[in-house]
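These came from Swiss-Prot, pasted as-is:
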{"type": "BINDING", "residues": "R72, T73, R122, H155, Q158, G288, P289", "note": "carbamoyl phosphate binding site"}
{"type": "BINDING", "residues": "K100, R188, R242", "note": "L-aspartate binding site"}
Amino acid sequence: MTTVSQNQVVVETEDKQDNLLRLPYFVSVEQLSADDVLHLLQRAQYFKNGGEVPALSRPIFCTNMFFENSTRTHTSFEVAERRLGLTVIPFDPSHSSVNKGENLYDTELTMASLGIELSVIRHPENAYYNEIIRPKEGQHLQMGLVNAGDGSGQHPSQSMLDMMTIYNEFGHFDGLKIMIVGDLTNSRVARSNMEILNTLGAEVYFSGPEYWYNAEEFSKYGTYVKNIDDEIPELDVLMLLRVQHERHNGAEAKTEQLFDAKDYNAAYGLNQRRYDMLKDDAIIMHPGPINRGVEWDGDLVEAPKSRYAVQMHNGVFVRMAMIEAVLRGRKLGGLE
């Protein structure tokens, strides 16, 4: 059975087993086809609409291992886990044996030995997950894994909640004009979103300081626009990115010296003038946290075209669907 929501997007109201995603792990949007994304969004909408949560046949223990700071993602995953009936075991990196030199594989091996079957991990190293999902010869770790962000690599749960927010608004992706603005080089959100939006048929544009734009990497996914004012009136979605000062080290250190908050806001920030230039049905998004007065003028964060709070709300249900996909993929708790 299907129904139509207030914004005319067709959503599922019944538990359709044939459309459920099943994955051994969820680490990158590169795992997903366009159909996979739509099925995941349908499932997330099912949960958002109050759909019945599948009953587990036995307790499933999980843990959230965040080696980088997080408010939205960490809390959202824990809410999602508890809604699904999982037993959440606390993990604090600052009080773990990681500080004694234990590597991530051995930390996960410890968790698996204690009966934990699912880990949600955020880690500063790009593609940290490879040592967990592709054990070396002689290693036997079995662990369900959801990637909550790896360095500047991937952020699949943020990408999926962004897709849900866009889909709820427009009912499709094909031909939508979406501009991603800001610290592109250092953004895992930009990478995940440009890949999946390309798969879904959207027209992607990029803007931001040229020292944060790598044409070799980004140009195959969209068009770089130097002056965002040239495109703003045509956009369906304006997606702002946080300036990630904590990643401006090493080879990126020189960009921190070039950066000026006032200049950035003048060139790329969402102010009242640019807000008024947007179409009436355009929406503004941001993965958070927001640097108010830099990427987004503070008095516009909750303006009518903003979907910032909606994104965060959708995140719980998307993460429920992602976790369920891994539970089913690994046949945990009687789910298949």
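Heads up, the Cβ atoms here are built off N, Cα and C, so glycines get one too.
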Work out how many Å separate T73 (carbamoyl phosphate binding site) and K100 (L-aspartate binding site) at their Cα atoms, rounded off.
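Here the two Cα atoms lie 26 Å apart.
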What whole-number Å value do you get for the CA-CA distance of R72 (carbamoyl phosphate binding site) and R242 (L-aspartate binding site)?
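Computed Cα spacing between R72 (carbamoyl phosphate binding site) and R242 (L-aspartate binding site) is 14 Å.
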Go through G288, P289, the listed binding-site residues, and name the one with the sparsest Cβ surroundings, counting other Cβ atoms within 10 Å.
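If we count Cβ atoms within 10 Å for the binding-site residues G288, P289, the smallest count is at P289.
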At the Cα level, what's the spacing in Å between Q158 (carbamoyl phosphate binding site) and K100 (L-aspartate binding site), rounded?
31
Of K100, R188, R242, which is closest to R122 (carbamoyl phosphate binding site) if I measure between C-alpha atoms? They're all binding-site residues.
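Of all the candidates listed, R188 is nearest in space.
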Checking your reading of the structure: which of the binding-site residues H155, G288, P289 lie inside a 10 Å Cα sphere centred on R188 (L-aspartate binding site)?
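Close binding-site residues: H155.
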Please state whether DSSP places K100 (L-aspartate binding site) in a helix, a strand or coil.
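SS state of K100 (L-aspartate binding site) = helix.
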Spatial neighbours of R242 (L-aspartate binding site) among the binding-site residues H155, G288, P289, defined as Cα within 10 A: which are they?
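Of H155, G288, P289, within range: G288, P289.
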According to DSSP, does T73 (carbamoyl phosphate binding site) sit in a helix, a strand, or coil?
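Assignment for T73 (carbamoyl phosphate binding site) reads helix.
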I need the most crowded of these binding-site residues: K100, R122. Count other C-beta atoms within 10 angstroms of each C-beta and give me the top one.
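For the binding-site residues K100, R122, the Cβ with the most other Cβ atoms within 10 Å is R122.
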Among residues K100, R188, R242 annotated as binding L-aspartate, what is the maximum Cα-Cα distance? Answer in Å.
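Among the residues the record ties to L-aspartate, max Cα distance equals 32 Å.
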Judged by the number of other CB atoms within 10 angstroms, which among R72, H155, R188, R242 is the least packed of the binding-site residues?
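Taking R72, H155, R188, R242 as the binding-site residues, the minimal 10 Å Cβ count falls on R72.
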Quick one: which of these binding-site residues, H155, G288, P289, have their CA within 10 A of K100 (L-aspartate binding site)?
none
